[in-house]
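Let me begin by presenting the structure, written as structure tokens, before commenting on it.
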Amino acid sequence: MNSYENPLRDSQDRRLPRIAGPCVLVIFGVTGDLSRKKLMPAVYDLANRGLLPPGFGLVGFARRDWADQDFAKVVHDAVKEHARTPFREEVWEQLLEGIRFVSGTFDSDESFERLKKTIVELDTTRATGGNHAFYLSIPPSGFETVMSQLAKHGLVERQPETWNRVVIEKPFGHDLASARELNAVVERLFKPQEVFRIDHYLGKETVQNLLALRFANQMFEPIWNNHYVSHVEITMAEDIGIGGRAGYFDGIGAARDVMQNHLLQLLALTAMEEPTSFEASQLRAEKKKVLAAAHVPTPYDRHTARGQYSAGWQGGEPVIGYLEEDGVPADSGTETYAAIRVDIDNRRWAGVPFYLRTAKRMPRRVTEVALAFKRAPHLPFTATDTEELGTNALVMRIQPDEGVTLRFGAKVPGTQMEIREVSMDFAYGGSFTESSPEAYERLILDVLLGEPPLFPRQEEVELSWQILDPVLEYWASQPGNPEQYLAGTWGPESSFEMVARDGNTWRRP
Amino acid sequence: MIVELKNTTSRAISAALVDAHRGVGSASGLVLTLVIVTGESRFSEVLEAAKASATAHPSRVIVATFDDGSESGLDATVEVGEGLPGDLIVLRLHGDLRHHGDSVCLPLLLPDSPTIVWWPHESPENLATDPIGSLADRRITDAAGCGDPVEALLRRARHHTPGDTDLAWTRLTRWRSLLAAALDQTRTQVTDAVVSAAPDNAPALLLIAWLKARLGVPVTYLPGDLPGVNSVVLSTTEGDISVRRFAEGRALYQVPGQPERTVALRRRPLTDLLTEELGRMDADDVFESAAAQVVTDAGER
């Protein structure tokens with residue numbers, strides 16, 4: 001049976017997409033923002049692109065007292081408002097036949113019995129084949145209950161020829177110990193290859209773009225090391241504040257929220273050696289190696305910085321400070337700006353500091369990885385000729401407007417010899433307008449196809465916490481709260497001092 | 001281009017800038033040159049399709065039309081910006097110049113990037129030796145745009161060179177992926193196949209040829225009442241796999257041992273087809289073998 005080769009498939013035939021097998025997607029926490037704005041539209045977009053199987057069920061589980069059609073209405077509206085591809089009635093009808101809603105709470109046995117009944121019903125009427133994916137769009141505190149309920153009601157029993165998979169979202173714990181606990185809960189029921197961790201900031205598309213840039217080209221790799229690179233800046237800045245998410249954000253902070261998963265993943269992808277192939281296992285092996293070689297240098301007061309935004313003007317609008325936000329205690333010590341220096345102890349990167357920073361209420365929303373190069377060892381010009389010349393830089397812009405910028409010196413036209421920086425720019429949006437699928441679309445498809453995810457496994461999560469934990473402990477041990485910075489500026493004074501100590505400056509993204 | 005934003009924020013201004021850049025387009029971001037060769041008669045229809053496809057793939061679009069005027073000459077319109085992410089050049093070749101279209105197009109191709117020629121309607125006998133066709137890496141024809149689609153497809157298949165494709169093939173992608181997915185699921189041996197389609201339907205000929213070539217079983221044709229391909233039934237050792245279009249955009253999908261289900265299966269608009277074609281620059285080997293089979297089948301008849 002396993003040796004079956006589909007005669008209609010041919011590796012040359014790249015027009016034919018892989019369509020997921022029949023299955024049910026169960027979403028816990030389906031009434032949340034994320035589910036409405038991202039998950040449901042992503043499911044529709046997949047259906048519209050013909051990538052969902054004819055036998056597909058979507059089950060929502062939440063506390064609301066809804067019937068199937070109420071839920072269908074919510075999905076319908078969410079899809080119409082947020083889907084990437086145009087709305088088409090026939091696609092919607094195909095989807096609608098498999099939409100169910102189960103009203104209940106996580107601790108109610110009766111709700112989970114009903115959930116089981118619903119899934120079994122779909123398995124028979126829609127022939128979803130006993131394949132189930134559980135998407136936990138809920139706070140980690142609910143994991144334990146949901147997992148034990150799934151086990152108790154026999155929802156994840158292994159049958160031959162069927163699969164069960166689970167999707168969990170960041171944060172994966174709040175330190176090493178809690179990450180391990182969380183993992184123990186999940187892995188009691190699911191094998192490592194059945195667990196899909198999503199970091200929605202870092203879509204598979206972005207990862208693959210980075211890999212293509214580094215490893216499909218001849219001209220970048222030779223200079224991708226400490227002979228040429230002076231330092232690397234990895235930035236994720238948001239222009240928004242915490243909005244209504246005080247309950248989630250306060251006590252967590254920018255470092256746990258973004259640095260542990262997103263920025264350290266970007267660091268790993270930027271700094272790792274070439275994998276022997278692009279199989280997920282090979283890629284993970286290289287990422288693990290580089291994360292294991294990374295650490296934040298001591299003393300931490302010199303190589304890290306944290307801050308909190310205060311009231312100010314952001315992009316032409318007056319905004320309040322973090323401590324005035326709804327639900328934030330007036331003496332909160334949670335950082336909204338975090339910057340650390342990471343050193344990587346290997347031959348390629350020894351001596352090259354990697355600066356990671358993330359913050360809220362920055363002047364603009366931007367995520368990028370910038371490699372700053374050393375100055376040319378000798379400049380055959382007079383000092384005044386090159387006064388305006390900075391250093392070369394290669395910037396991989398991740399969002400918005402994904403692309404690559406190369407900065408280099410050029411002569412200013414005229415009779416005088418004057419050299420100044422110019423940029424060469426490439427934008428994915430300009431050269432390929434086939435709009436990139438959303439991170440969630442790729443992820444859901446990977447889950448349904450059982451493609452080994454490019455997303456981190458537990459080892460990587462633990463390695464990231466090992467890098468970050470000492471810094472978090474140091475910050476917590478400090479008297480006094482993070483330094484305030486004006487909303488709409490590029491961060492606190494200490495962050496500029498931190499890089500200045502190494503003779504560097506942050507570039508303005 | 002001028003964009004006015006009232007009561008706005010820095011964020012909205014940044015977004016408008018990015019959009020505006022994209023709308024104007026710069027030659028460095030363009031990935032391909034699309035040359036469209038068409039007659040004067042259906043000019044506006046083709047121009048619309050060209051603009052739509054340019055929004056999908058930023059490209060330099062060159063539309064070449066011919067007229068038989070006695071005096072040789074060249075008129076051109078150049079359009080940049082105005083919501084187009086690329087350049088649009090409309091060429092009118094008069095008189096004798098029609099035999100030297102390549103000399104006009106060659107200097108206008110983007111450096112290094114691939115060139116695609118599309119004949120939305122009638123096309124020359126041999127694409128690769130046609131003056132303009134010889135400039136291209138990929139050549140796209142559309143049998144459905146010709147007076148006799150079946151004859152046009154046969155001509156295409158007989159003169160196939162790697163890099164040629166016909167939109168008749170592109171129209172089948174969704175059918176083919178449903179059938180392939182059905183076999184992925186059932187993992188059974190196909191013993192026999194039946195394709196039902198409107199008479200003289202070029203895509204149906206290709207679909208039959210593809211199934212024959214891939215499955216190595218007899219494939220029967222049945223005339224159908226609906227336009228295009230109506231249904232495909234694959235008989236397997238476990239029972240029948242069938243996909244039947246019963247209304248515009250909708251089809252019934254049946255695999256052995258499972259309930260019948262409705263799936264979305266629409267006739268795709270021209271822009272979709274062109275977008276899929278422009279997505280790949282390498283030769284389509286699977287189309288080549290299906291086309292070869294079409295020629296064999298025609299010989300048997």
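Note: Cβ is positioned from N, Cα and C throughout, glycine not excepted.
What TrEMBL says about this protein:
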DOMAIN    A:26-209  domain 'Glucose-6-phosphate dehydrogenase NAD-binding'
BINDING   A:Arg63, A:Lys170  NADP(+) binding site
BINDING   A:His200, A:Lys204, A:Glu238, A:Asp257, A:Lys360  substrate binding site
DOMAIN    A:211-507  domain 'Glucose-6-phosphate dehydrogenase C-terminal'
ACT_SITE  A:His262  active site, proton acceptor
Q) Can you tell which of the binding-site residues A:Arg63, A:Lys170, A:Lys204, A:Glu238, A:Lys360 lies nearest to A:His262 (active site, proton acceptor) in space, using Cα positions? A) A:Lys170
Q. So of A:Arg63, A:Lys170, A:Lys204, A:His262, A:Lys360, which of the recorded positions has the fewest other Cβ atoms within 10 Å around its own Cβ?
A. A:Arg63
(Q) Radius 10 Å, atoms counted are CB only; among the binding-site residues A:Glu238, A:Asp257, which position scores highest? (A) A:Asp257
Q) Can you tell me how far the Cα of A:Glu238 (substrate binding site) sits from the Cα of A:Lys170 (NADP(+) binding site), in Å? A) 17
Q | In three-state DSSP terms, the structure that A:Lys204 (substrate binding site) belongs to | A | helix
Q: Taking only the Cα atoms, work out how far A:Lys360 (substrate binding site) lies from A:Lys170 (NADP(+) binding site), in Å, as a whole number.
A: 18
Q. Reported as an integer number of Å, what is the Cα distance between A:Asp257 (substrate binding site) and A:Arg63 (NADP(+) binding site)?
A. 27
Q.
Roughly how many Å lie between the Cα atoms of A:Arg63 (NADP(+) binding site) and A:Lys204 (substrate binding site), rounded to a whole value?
A. 32
Q. In the predicted model, what is the mean pLDDT computed over the domain 'Glucose-6-phosphate dehydrogenase C-terminal' (A:211-507)?
A. 89
Q. For A:Lys170 (NADP(+) binding site) and A:Lys204 (substrate binding site), what Cα-Cα distance in Å is obtained after rounding to a whole number?
A. 15
Q. Is A:Lys360 (substrate binding site) helix, strand or coil when read with DSSP?
A. coil
